[in-house]
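Here the structure is laid out as structure tokens; the discussion comes afterwards.
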Amino acid sequence: MGRIIDALIATGSVFGAQYAGRELSPTDNRSVRRWYTKLEKPAVTPPAPVFAVVWTVLDGLLAYSGYKLLRAEKSSARTVALCFWALCVAGVAGFPFVLFRERRLDASLGLCISLIMASGGAISSAEKVNKCAAWAQVPFFVWLVFATFLQEEVWRRN
């Protein structure tokens, strides 16, 4: 495929996942906000604006990684890397639905743990295809570890 098509696929996938997550979960619903505000959270929970900034950067890096993988020579290693990348993107869409719409603290923790595994697989498999694609996913992995810690604490406390 061409560069522009690959860029559109990677970027569209990531930002489409964010859009789907937002649309499938009523995060701007008053009852959801009230519910989430009342949850007991650890002191290290970042304020909402930090989440927005972090996710903007992470989304850009995930899109860049997907683009680099799509631009790589076709191979079974590339297919594996793209599958792990797609799992991560799907998890980005699924998490808000599970946490905010379904209000499932346990299932959202399970999803966080699954995303850590998928992200680790994405980095490991992308490294065999394109080192830049692999390194671009490292901040996502680090954030997932932190987010999983937060989610575990929220689940445990509530």
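Glycine is treated like the rest: Cβ placed from N, Cα and C.
What TrEMBL lists as transmembrane segment is 48-67 (among others). Beyond its flanks by at least six residues, the transmembrane segment (48-67) meets 6-7, 9-11, 13-15, 18, 82, 85, 88-89, 92, 122, 126, 132-134, 136-137, 139-140, 143 of its own chain at Cβ-Cβ distances under 8 Å.
What TrEMBL records for 79-99 (among others) is transmembrane segment. Using a Cβ-Cβ cut-off under 8 Å and counting only residues 6 or more beyond its ends in the same chain, the transmembrane segment (79-99) has close neighbours at 13-14, 16-18, 20-22, 24-25, 27, 59, 62, 65-66, 69-70, 72, 105, 107-108, 111-112, 114-115, 118-119, 121-122, 125-126, 128-129, 133, 137, 140, 151.
What TrEMBL lists as transmembrane segment is 105-125 (among others). With a threshold of 8 Å between CB atoms, the same-chain residues lying at least 6 positions outside the transmembrane segment (105-125) that come near it are 39, 65, 77, 80-81, 84-85, 87-88, 91, 94-95, 98-99, 134, 137-138, 140-141, 144-145, 147-148, 151-152, 154-155, 158.
The feature transmembrane segment is assigned by TrEMBL to 132-150 (among others). If you look at the transmembrane segment (132-150), the same-chain residues 6 or more away from its ends with a CB under 8 A from one of its CBs are 41-42, 44-45, 54, 57-58, 61-62, 64-66, 68-69, 72, 81, 85, 88, 109, 112-113, 115-116, 119-120, 122-124, 126.
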